[in-house]
Every structure is written in C-alpha cells, then in structure tokens.
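For 11, 128, 170, the entry in Swiss-Prot reads SUMO2 cross-link, with the evidence type similarity to another entry. What Swiss-Prot records for 63 is phosphotyrosine. What Swiss-Prot records for 71, 123 is phosphoserine. Residues annotated as N6-succinyllysine in Swiss-Prot: 76.
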C-alpha cells in the first residue's frame, strides 16, 4: 500500500460466497485506513486471508463505505496500537497523537513511522485506534498540551506602526 495523501477510514464488510454446505456464511467487518476504496478492499482481503480461510476468489464484499468523523472541529488525543516489520523482525508498538480526526492521526502515524523507523506503509498494520481521555495519555509529547493555561512564545514580532518614520538610523530588533 502507498500511503499517499491523507488516509481515509473505511468500514469494509465481507464474507465467503454462500455454498450448499454453508448457505449463510458469517460476515467479517474491518476498519481499514487507506487512500481510497480500491486500496481499502484490497487491504481487507489481505488481512482476512491471514485470519480466516478466505480469499477474494471465494468471497465477496458486502459493504465498503467511508467513515466520517463525528466531531472534526475538536482536537482529540488518539492512541494507536500497531505492528510493523522492520529489517530485524516484527515489532508491536503503541503511539499517541493529537489530531482533529482519526484518519488524520493514523496518517500522522504512517509519516512518523516512515521518518523515525524507515517503516514503509505496506509493512505497517494498524490494529487498534482509540480516542484517549487526557488522563489516560502517557507520552510527554502529547501531555505537554494538556494545560488549560498553555502559552506559546512569540519569538519574531514585527511592529508595523502606521505613523512611524519610514527610514530609521538603526535596524529594528524584532526578537523579544
């Protein structure tokens, strides 16, 4: 999978094709993060074939739809449980991100894993994504923003006063 652009969250439901032996086969639902619905269906078959004796030629996709965020204007904390294949083996990992949407947090995770661990998108498997309360967060990079009186420095302020002389004898100091 190529994690191009912002990933989207898809709900994919599939099953084995009905046979005389099992006329109503069980449905399997997955939450897939992919750039488009074609890749989402492909990832579904990849994961389902690992978990069950089921493949694309002997199955069907019942539903594939994009899941939209309930509150995309509120900043939330997300915990992501994943496994990835590195050059030395397979590792489990837990990561935390702050974002407006679940898909945004997962996209951030893919970018971060590529940058920090050189993990390609095809070798990352997101197992669980959960919205976390501020009290449950563990990573200091996320916890540093849990302050109601948070203040940010203004390192480079340019004062543009209207009636100030156009030319000055000395350069202005804009770093306070």
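Cβ coordinates are placed from backbone N, Cα and C, and glycine is handled just like the others.
Sequence features annotated in Swiss-Prot and their locations in the structure.
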residue	record	DSSP (3 states)
11	SUMO2 cross-link	strand
63	phosphotyrosine	strand
71	phosphoserine	coil
76	N6-succinyllysine	strand
123	phosphoserine	helix
128	SUMO2 cross-link	strand
170	SUMO2 cross-link	coil
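Looking only at the recorded positions 11, 63, 123, 170, the one with its C-alpha closest to residue 71 (phosphoserine) is 11.
Between the CA atoms of residue 123 (phosphoserine) and residue 63 (phosphotyrosine) there is a gap of 25 Å, rounded to the nearest whole number.
Taking the Cβ of residue 11 (SUMO2 cross-link) as centre and 10 Å as the limit, one finds 14 other Cβ atoms among all the protein chains shown. Taking the recorded positions 76, 170 in turn, the residue surrounded by the fewest other Cβ atoms inside 10 Å of its Cβ turns out to be 170. If you take the Cα of the residue listed as 'N6-succinyllysine' and the Cα of residue 170 (SUMO2 cross-link), they are about 47 angstrom apart, rounded to a whole number. With respect to their backbone Cα atoms, residue 170 (SUMO2 cross-link) and residue 11 (SUMO2 cross-link) stand 63 Å from each other.
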